[in-house]
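Marked as transmembrane segment by TrEMBL: 31-50, 62-85, 91-114, 126-144, 156-178, 190-212, 218-239, 251-273, 285-306.
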Amino acid sequence: MEELENLTLLGNVTSMIGQSGPSTLKMVFDVVIKVTLIIIMLGMGSVTELDPLLKHIKRPIGILIGMTSQFIVLPLVTFGLAHALMLPNVAALGMLVMGCCPSGSTSNVFTYWVEGDVPLSISMTTVSTVLAFGLMPLNLLIYSGSWTDENLVIPYINILISFAMTISPVALGILLRWKYPKIANVFVKIGSIAGALAVVLTLTLMSLLYPFMYKATWKIYIGAILLPFVGFIFGYFVASVCRMEPFRRRTVALETGIQNFPLCMTLLSLSFSREVFAEISLFPLLYGVTCIVASVIFAVIYRIVATFKAKTKKQKEYNQTDEENRKSLKETSKFMADINFDDDD
């Protein structure tokens, strides 16, 4: 029964993707996402000072933890998860490619929203993008043999473009922070707003462009839901074991859990025919949605906990101040009583 559902879904997907030429909506999606990405990274650069960034580069403990999670643990987890779910070969390969991708720029925005270490996040995103040139093909070579012997075409040009779109606006933002801090503060706010807008637009436009992804089998749903949370939990756990500060633990968790979804889709579209792409893209497409939703949940939980702690701390300080006032009043009353007693004598 499930095989029949897969064939029917594949036929529908193929007919949708097989339409000649890129749609207007697809072109709008590409332009909007690229423009908002540049604005977001300019904003993230504007909140970054040069000294903390250089500190992370000189003492790359956080970067090493992130890269270990990104390129060693996550591909292995993805490989095991695909086997555990017994996904079809093509769908499993799509999941593996997603797990081997570097972190995306979305992690920088969410790091800012959860009051993490933005310089660390940017340095981790940059390093992972550079390392992807060699480690993506290596991981795919190691793990893809379970499902296919076909060589994947690694989109080096697209990785380079992704790197340039990350580094250039970040560098400009850092320069603004250094020379014109007041202007930088404005771009920080604009970048944060653009990040929220990008989240809404990505979810909306992806749902309009690829509605067939929501008809995926339950196995693909489980994998797409589990993968980002596995990344979050593992990244946070390792950072905790290494005794990193809480705000850096959140940063490493987000960098480990958020993969570069656009890069994955580009790799798949360059490597496979439209017929194969229709099936192999199901997991990455659904992951793109669940990853954003999971990141929003991560940020909301942090905000709720942070607000609760702030209120508790404020109440504790208030109670302590009130107790000190009562004690002071009591001592003053006793002192006045002693004075009155002396006067009576």
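A Cβ is built for glycine as well, from the same backbone N, Cα and C atoms used for every other residue.
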Stretch among 31-50, 62-85, 126-144 sharing the most Cβ pairs under 8 Å with the transmembrane segment (251-273): 62-85
Among the ranges 31-50, 126-144, 190-212, 218-239, 285-306, the one whose Cβ pairs under 8 Å to the transmembrane segment (62-85) are most numerous: 218-239
Range from 126-144, 190-212, 218-239 with most C-beta pairs under 8 A to the transmembrane segment (31-50): 190-212
Contacting positions for the transmembrane segment (126-144) when only residues 6+ beyond its ends and CB under 8 Å are counted: 60, 63, 66-67, 70-71, 75-76, 78-79, 93, 96-97, 100-103, 152, 154, 156, 159, 162-163, 166-167, 170, 255, 260, 263
